[in-house]
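All remarks here apply to the structure that follows.
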Amino acid sequence: MLELIPSFVTILFGVVALGLSLRAFERREQGLLIGAFALHLLAALAQVFITRDLYGYGDMLTYFREGGFVADRMREDFVAYAPDALRLIVQQETQNLGWLNSASPATATMYGLSSWLHYLTQGSLYATCLLVAIGSFFGKLVMFRAFRPLFPPHLHRRLIAGMMWMPSIVFWSSGLLKESIAIIGLGLATYGIIRLTDSTSSTPRAAVALGAGSVIVGLVKTYILGPFAIAAGAWYYWQRGLRLSGGRALSLRPLHFALAMALAMTAIIGIGELFPRYALTNLVDEASRLQEVGQRVTGGSTFALSDTAPTSSSGQLAMAPMAVITALARPFIFEANNLMALVSALEMSFILGLLLLALYRRGGHESWQVIMRSPPLVFTLIFVVLFALGVGLTTTNMGTLARYRMPMLPFYMLFIVALLPARPFATWPRTRQA
């Protein structure tokens, strides 16, 4: 009963929010969105059962246990401990919880979020995961709503299925995990960057969405901001070039290229200043350190891209092709050694098959032309490749690989679905649909 009531209230809250949101979509899209919402709720329940009742350990349980300690203190003295819970979220020193300051910054954020979720749900892990799953669903919904006017109507249902129905996208965004929080921030940031490229949209609202989303992502998955900033700069670059040429051929000017790169580099340098662990000068050392840690751990799901962890930039770059392939296609079916790995392998084989089918149906030349005439596809391609490079280089376990790459998968699926149809795309600029 202690779990049932908070869970029911959480689901009711989500259903009401969904009902209000569906009015912005066509009837033929609403059924798929309702189905995606239901899948996220089921995945949240599965996350609790598998992590707590089946395995008995996991990051989610650690976050909830430590957050529960803070929540209990808040129930005893809210005025004294609530500020500390907020400080944890923004990775600041606490006054009464010094022992939590030794955690990694992103983990401290998760402790802070967990404390508030524990407090609001009266200690219900089911209700907490349901609330996170609802948040991640709406993060993807915001992302889809931003991309929706940029693609033909016949693609909209496929985009929903690709971005919100794939098993990994649903499952790994429906628990109390960093990836779940990151996808909420990515949805807001993507909405903001797309609206900022549209002269008819509200610039202040778009800027707020971009800023809020970037802060959320930066707190839990800082490394995502680098690929996102570079991809956003490329979007601006391609959009300006295509508008100048009337969409017929990319007409690029040095000024636009310099401005786009300056914006991207400013963002990357800013990330390094705020989060020194991810500064450009530390990226190679960080990748090498994570590879060494992974090589010391043995197990059925571990893997290594090389026998030793390279300590130079050239050594890391030499592994880049295999790292990207690993993040975008593995595990292969013959690498699956348990049920979870088999599901992941089947899913990635299906995605790889869709990509190859798209390239086959269009041909290499036409596929390239379609991408070059679509700033959204340039954005998703660059983001996916850079994200895959980072995850592929620093991950040494097939189980964590499926989870770590989840924030990239909605963009990857959008890219494939948009590339798959045989009918030609309209050229940029296109009239946005209401």
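Cβ from N, Cα, C; glycine included.
The transmembrane segment annotation in TrEMBL covers 6-25, 32-50, 125-147, 168-194, 206-238, 250-271, 339-358, 370-389, 409-426.
Remote same-chain residues near the transmembrane segment (6-25) are listed as 33-34, 37, 41, 121-122, 124, 126-127, 130-131, 134, 137-138, 141, 145 (criterion: CB distance under 8 Å, separation of at least six residues from the stretch ends). At the 8 Å Cβ cutoff, the transmembrane segment (370-389) and the transmembrane segment (32-50) share fewer than 3 close pairs (sequence separation 6 or more) and do not count as touching. Residues 166-168, 301, 328-333, 367, 398-399, 402, 412-413, 416-417, 419-420 of the same chain lie 6 or more positions beyond the ends of the transmembrane segment (339-358) yet place their CB under 8 Å from a CB of it.
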